[in-house]
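Asks: After the structure tokens below, expect a handful of questions from me.
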Amino acid sequence: MRVHPRYLTGLLLAAAAVLWWAVGMAVLQPLTEPAGPWSELLPGNNTYWAREVRLTALVGVLLGLLLAVGGSRRALPVVGPLGVGWLLADLLVDRADLEGRRYVVPLAAAGCLALAGAVALLHRLRAVPPAAPPARRTLLASAVLAAVLAVLGAAVESPTDREPQLRWAGLGTGLLLFALALAAALAAAPALDRSRRRWAVAMALVGVAVVTGIRLTPNDAALPALLAGGVVLVTGLVALAGARPAQTPAGRWYPLVAVLTAVGLPLLLLGTTLAMMVLPLGPALTRISGNIAISDADSDAPVVLAGLVAGLVLGALLARSVPDPAAARPVPTGQGLR
């Protein structure tokens, strides 16, 4: 039986996210846990930056599954509980202090086993019908969410920003989520003609440049670079997906997407970050995982959760503002992005 490229791509990216989660747990997490009799004075803003890497990878696992099933809503009863269960497992494994590279393979194997179980359940629920058209709105929203998390993941910070692992951790996280965003946008496209393939190659190069640039940007300019990169990626991916209102010319719609992202993304991130500071989600995660609480003078706000909410809202807005692409006619060859 022939395997659909979208299905295979989604599962491969989900498996890559599982491996990245295992690296974040076994290799990166120990770097963020203060030790010694003075440790109660150390935790502050961004102390547990490895948690951001792991949680971003966890979202990547779920987005890979959604991509594999073409955004089918039948997958939600599996994807949702898998995410919650994996988060609980993450906290318990963190509490167990499984430190060292020797734990990467066992953790990745356990994660892949959970992923395989979810895939088997999706097949049992017939959430992977091979002949069904993809849910393009869901895939477009997934692409936007992944793009937002890509720029946030690339900009991950620590209290000192001197850890040599921080640079490759942020770069790897950003590239992984961008790969998911690019694949989801391609899957959401009504037709994969020559023009769209060229645009996909261009977006791949732009995405790598954006993620790398954000990672290499000094901290005092990181926020503007992050927001500008988010606008570029979201707008480019929406154009790649060919998602626009039927009566709106591309020359008007895509600049409007850029403006909406430039205004909406910072507002959403600010609002959700403030909410995370008020709600005790970060301290609860730190307490359950057995780590030392953040100083009262600082905040324990998981940036990835703020990005998750902001990306979901922005993705839903952009996806719902256009007609369902599944009902649209395929774009003739040579007219993919005009």
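Start at 1 and count along the chain as shown; that gives each residue its number.
Heads up, the Cβ atoms here are built off N, Cα and C, so glycines get one too.
Just lifted these from TrEMBL, have a look:
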TRANSMEM  48-68  transmembrane segment
TRANSMEM  75-93  transmembrane segment
TRANSMEM  105-125  transmembrane segment
TRANSMEM  137-156  transmembrane segment
TRANSMEM  168-192  transmembrane segment
TRANSMEM  199-216  transmembrane segment
TRANSMEM  222-241  transmembrane segment
TRANSMEM  253-281  transmembrane segment
TRANSMEM  301-319  transmembrane segment
Asks: Three or more CB pairs closer than 8 Å, sequence separation of 6 or more: does that hold for the transmembrane segment (168-192) against the transmembrane segment (222-241)?
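Replies: The transmembrane segment (222-241) and the transmembrane segment (168-192): touching, yes.
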Asks: If you count Cβ pairs under 8 Å, which stretch among 105-125, 137-156, 199-216, 253-281, 301-319 touches the transmembrane segment (222-241) the most?
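Replies: Looking at each of 105-125, 137-156, 199-216, 253-281, 301-319 in turn, the most contacts to the transmembrane segment (222-241) are made by 137-156.
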Asks: Other than its close neighbours in sequence, what residues sit by the transmembrane segment (105-125), given a CB gap under 8 Å and a spacing of at least six beyond its ends?
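Replies: That would be 11, 14-15, 18-19, 21-22, 25-26, 61, 65, 68-69, 74-75, 77-79, 82, 85-86, 93, 98.
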Asks: I'd like to know if the transmembrane segment (199-216) touches the transmembrane segment (253-281) in this structure, counting it as a touch only when three or more C-beta pairs sit under 8 Å and are separated by 6 or more positions.
Replies: no
Asks: Does the transmembrane segment (301-319) make contact with the transmembrane segment (75-93) through 3 or more Cβ pairs under 8 Å, each pair 6 or more apart in sequence?
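Replies: Counting Cβ pairs under 8 Å, fewer than 3, so no.
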